[in-house]
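Beneath this line is the structure, given in structure tokens, with notes to follow.
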Amino acid sequence: MLRYTRNALVLGSLVLLSGCDNGSSSSSSGNPDTPDNQDVVVRLPDVAVPGEAVTAVENQAVIHLVDIAGITSSSAADYSSKNLYLWNNETCDALSAPVADWNDVSTTPSGSDKYGPYWVIPLNKESGCINVIVRDGTDKLIDSDLRVAFGDFTDRTVSVIAGNSAVYDSRADAFRAAFGVALAEAHWVDKNTLLWPGGQDKPIVRLYYSHSSKVAADGEGKFTDRYLKLTPTTVSQQVSMRFPHLSSYAAFKLPDNANVDELLQGETVAIAAAEDGILISATQVQTAGVLDDAYAEAAEALSYGAQLADGGVTFRVWAPTAQQVDVVVYSADKKVIGSHPMTRDSASGAWSWQGGSDLKGAFYRYAMTVYHPQSRKVEQYEVTDPYAHSLSTNSEYSQVVDLNDSALKPDGWDNLTMPHAQKTKADLAKMTIHESHIRDLSAWDQTVPAELRGKYLALTAGDSNMVQHLKTLSASGVTHVELLPVFDLATVNEFSDKVADIQQPFSRLCEVNSAVKSSEFAGYCDSGSTVEEVLNQLKQSDSQDNPQVQALNTLVAQTDSYNWGYDPFHYTVPEGSYATDPEGTTRIKEFRTMIQAIKQDLGMNVIMDVVYNHTNAAGPTDRTSVLDKIVPWYYQRLNETTGSVESATCCSDSAPEHRMFAKLIADSLAVWTTDYKIDGFRFDLMGYHPKAQILSAWERIKALNPDIYFFGEGWDSNQSDRFEIASQINLKGTGIGTFSDRLRDSVRGGGPFDSGDALRQNQGIGSGAGVLPNELASLSDDQVRHLADLTRLGMAGNLADFVMIDKDGAAKKGSEIDYNGAPGGYAADPTEVVNYVSKHDNQTLWDMISYKASQEADLATRVRMQAVSLATVMLGQGIAFDQQGSELLRSKSFTRDSYDSGDWFNRVDYSLQDNNYNVGMPRISDDGSNYEVITRVKEMVATPGEAELKQMTAFYQELTELRKSSPLFTLGDGSAVMKRVDFRNTGSDQQAGLLVMTVDDGMKAGASLDSRLDGLVVAINAAPESRTLNEFAGETLQLSAIQQTAGENSLANGVQIAADGTVTLPAWSVAVLELPQGEAQGAGLPVSSK
């Protein structure tokens, strides 16, 4: 074990580099801290270094863009399309004229010279910072968002380079960097190998290194830092397998005497030059590969965070590139009570320090001294622990905590078990998942104690409308609650005095958000009204031309308590804003109390939505950047050329393909599984994870709970060049589930990215496609039949090998049914498919029906459309999934993406009075292009009221009761589905809108699964007129007892079964017809030969 201080590391680096020198075996009497005199010195081309074009004066900032192409071109460059996107936020608000719309490209250069354009930016103050994105049109020239902090650049005059996220103090610095070190296209992939296309066939290729500053040309244009000579080699098979997207790069070998351990603690730059030393190219080096190669094996064996054991506390953090790490301990009032240097383990790259048991409950942070390639500086800052299990308010400090402390457990916690088994495929197939958000559950429920609304403990309010409603759903067959993100999130302020929710006085909003005082709503600051009351006033005159509700709600969103939570800050701590006290351990016990209430009182298992595909932020300056401050450029997925953090997910993409982040994910899941008794995990954007990493994590967690279930969004992420992604098709046969977009789109109509008239044109099976067209509908009969095929396939669990008769009368496997160029069927078992027609993403089902339904469809018809759509999920094979409030006709007033639309647009009313329809135009930034369509359709039908909400709730319970009434609805096994499930009314002459699924339990199917039945029929009539089935002549079918009991309130009300077996289905109806079993198993409803 070696402990380095920063000074020791600097000294060590000089010894290292004088030893490894330039790779030459000859001795040298020259200065050991400079390259050998006999080697060619690399230098810049002979181009004059620029001064500033302009400098900022009072209340101004200046940004120069240094343009290398323009400098070296013989003709004048055109900068007319270059522009800045500028915005204020809570932490950076110095702009006097932010840009309101991303499509506004009017902030063009104030001027230019031969070195590039510049912008003079007006400020409202000379302190703080500004947010900047440099663009060409609306295309980013620099992938990362830039923050210019005036504390760092006191003259407020800076320079940037396209493709480089660094901000430079002067044009001279940026010029040298641009002509010197640009991009980050070299990859150090293992201890011996560097990959770099820029070095191919170049006479001189070197790896330069600096431990204390950036590698750059000096005042004479020369590169005088230490370096290693690199020699050409070939890409090994192992490297090619680990980094397939880099396998075509030129490969170089490092000298055998290179000290990797110390080289990684400073800046490394790959440089290629001509024989005479004139620089050809220079680039920063990405080091994630070598970090894994050098440290991961030893590091994976260790535990991290603050661990209580053996009468003390061990603090451990993995920070192999850090020059120094200290544990800084704080008292409850956040005063420093000690700073302790940590010891570095050279094998693992981990730093640790052992403290006493008196530190239990103490707050702490890590003080880092580490080189960060984004700033190209050795940074010093404090950062919270990524392995923290408890936090202070607003996640500013980590806290030492023992999760096994009995004081943090509700009574009976240790004996808590899951109410629904998850051991077998048949168990999993019974899952009916109710996706919920903590605030949506109780923020509006007046029967929940005021102090618990929007909190974990609202689920313990047993007499509340919300809890009673969930109990009713549970009794009818809903088995699981899925909680949208409940880990520590970055986008809700936990300091209550900084927050204003719409239930509070408008004056409070004005206090916490100064922008309101200068807005069109300033007059309400002294009104005495609540924000909600003002919104209710505004909605009366809200329109596409005057969308006041969304304008005010946008201001509310800046300081309210609402966010979906897909903004991970600390992965393994419950979110504090949902606790009655966000400080310290209260959140832990209250979270556990909620889990206990859901399992014991509601009788449901708990699934947790996890978001490991991105972090909220990255870089050395953002408050919510954690991992990237500790091991810079390791935990984030970087662009292979620029080194910028990718943002394909939404935010700062993470890199689960790197071993130590894969470990962090598995360690985090283990805590949620063992310490919080979570029964399943839903992975956000799972396609951004490697399949191997997801499978490895599952195996790790199954060792703790063999019955755990994994599923997620298996959309194609376009990361297949890097690794085999965890996508729908790739996960076939693994047992891991993925959401199916096939049934979703066929039933809802269109796709999730439709906008404008396309939202109305593209009807689905559930909204009248082919049977009740609206005025814009343009689907052909063939297209309607194809939608029906996709719906049938979805009801059969989207199995790749399921054989069905398609729209043309041909027998096809599921994998041969087209879905936008991809296989319609992709799964091996129905438990690998999660079917849905509504979840938190995109518009609610009610809003989509409102977009698409014909004006002829009255309110009663639309309620039944909702039920018919949900029936395809609830009565089909596969796992059933639904969004909270679908049973209440939930509307978000046409909002496509309500992640930050607050309590106003996300309201769920458990008093069953209001479904939140037509409460104002949705956010203009997302839905502005839909305003004209919304205006046309929103008044086509009356707003649902109590009668409609009660009716839909009854329909919903009918469907869930039917689902749990027979194991034939939940077969679980792919071979069983193919042996038992079939469809009638198929082919080219089918009756449009009519779906008829049979499930056999007769002798040909094998052993009887339901002793009551020889088979059943699911008949869905998604049409405005009755349909007649003649396929069951001679069969003694009878309506399900559940639907018979429901009588005139049933979705099957009016179904007629003639003596000869002919079945007549009324419009917009759902019927489950049972074939009773006699004294012995009968012939059943066998699958037809195809």
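Each residue, glycine too, has its Cβ placed from N, Cα and C.
Per Swiss-Prot, the features are:
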ACT_SITE  Asp684  active site, nucleophile
ACT_SITE  Glu713  active site, proton donor
LIPID     Cys20  N-palmitoyl cysteine
LIPID     Cys20  S-diacylglycerol cysteine
SIGNAL    1-19  signal peptide
SITE      Asp841  site 'Transition state stabilizer'
Legend entry - Asp684 (active site, nucleophile) versus Asp841 (site 'Transition state stabilizer') - Cα distance in angstrom: 11
Inset, instruction - List the same-chain residues at least 6 positions away in sequence whose Cβ sits under 8 Å from the Cβ of Asp684 (active site, nucleophile), in sequence order, or say none. - result: Tyr566, Asp609, Val610, Val611, Tyr612, Asn613, Gly712, Glu713
Inset, instruction - By Cβ count within 10 Å, point out the most packed of the recorded positions listed: Glu713, Asp841. - result: Glu713
Inset, instruction - Could you tell me which three-state DSSP class the residue listed as 'active site, nucleophile' falls into? - result: coil
